[in-house]
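Notes follow once the structure below has been shown.
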Amino acid sequence: MELQEVLHMNGGEGEASYAKNSSFNQLVLAKVKPVLEQCVRELLRANLPNINKCIKVADLGCASGPNTLLTVRDTVQSIDKVRQEMKNELERPTIQVFLTDLFQNDFNSVFMLLPSLYRKLEKENGRKIGSCLIAAMPGSFHGRLFPEESMHFLHSSYSLQFLSQVPSGLVTELGITANKRSIYSSKASPPPVQKAYLDQFTKDFTTFLRMRSEELLSRGRMLLTCICKGDECDGPNTMDLLEMAINDLVVEGRLGEEKLDSFNVPIYTASVEEVKCMVEEEGSFEILYLQTFKLRYDAGFSIDDDCQVRSHSPEYSDEHARAAHVASLIRSVYEPILASHFGEAIIPDIFHRFATNAAKVIRLGKGFYNNLIISLAKKPEKSDV
């Protein structure tokens, strides 16, 4: 089975769906919103071609569920707010939004939510239906998605860590697995494995930057948010917990060791310095803003659908309930790729053990994601300067 067929979130609206388990990502978007607003402010001041008539925006790796349209709403509201601040008396521009993700993404569930979004934008922003046009653009952001110099603003949240393929070189010339008992480039992985993952990320991210530079207008903006390498004090990350859970099943004889050794997740969390160096070496973009922030990976447990902190309940301080919440999120992201390799029957057992291990980490006050926000502007052509 092709990687792109299984590298997607759980669709639909069931209990294991991404739509039902993405409150953590809502919190990330809320943290990024002030930077998004500043990005839009700089974009509108740059006075790009046609920007007063139609602003073209894309969400790269949009996934499905309410978070997809939360990004759209935040972008539209930021545009309208900044225009008001600038006392722009011209007629509101149409905003054209493209939602992009791999072909297997559940775009249909997103389309079902559009009427509600349009009503909300009309009520809160006075935007009449038809002044914000939303369409899907299925495809991989590791290749071209849009015509040359056609876009004003590109946004991506929590997608860039996914690679276009499992790195080559993870099996030796003798047919021996180089990344034994591991499922990604962990701290315990041998140096050749870590290098293979870094090389693949470098290739993918450099290609991503080059493709986006071709699609953006000169001085267009791009805002990226991704997980980056953390510190020792953060504790094991969720990929470590997933790896532990699968290893537990191998020890119990529920899974064969060869099945584990042949499984590698196409994901790489780069360091801040790696990302910064790659942007500078590719050369198409200027870094306008770069910041990191930490979030506990159970942070989404304590917020409601509007990103407000819920009143404390007996469950709030229960590490097992919080760990189960984290397990549900990770299952909604990785179940398709896990089920394609290990089979669907073992999935509940994997995430039962995941939750058990996560509870131990949470009890110790550890378990953090380190996040990177980076705002970029496409460098002007010499003729535009």
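Each residue, glycine too, has its Cβ placed from N, Cα and C.
Just one of N179, N237, N247 is listed by Swiss-Prot for the same Mg(2+) site as D261, F263, N264, and that one is N179.
For the S-adenosyl-L-homocysteine site, Swiss-Prot gives C62, N67, D101, L102, S140, F141; the one candidate out of Y18, Y184, Y197 that the record lists there too is Y18. Binding of caffeine is annotated in Swiss-Prot for Y158, Q161, F162, Y369; the matching candidate from T75, T94, T238 at the same site is T238.
Within 8 Å of the centroid defined by the CB atoms of N179, D261, F263, N264, the record's Mg(2+) site, lie the Cβ atoms of L170, T177, K180, S182, I183, L260, S262, excluding the listed residues themselves. In the structure shown, the C-beta of D101 has more C-beta neighbours within 10 angstroms than that of any other entry among the recorded positions D101, D261, E344.
In sequence order, I183, I246, H341, F342 constitute the residues six or more apart from F263 (Mg(2+) binding site) in its chain with CB-CB distances below 8 Å. Site extent for S-adenosyl-L-homocysteine: the farthest pair of Cα atoms among Y18, C62, N67, D101, L102, S140, F141 sits 20 Å apart. When secondary structure is read from DSSP and collapsed to three states, Y369 (caffeine binding site) falls in the strand class.
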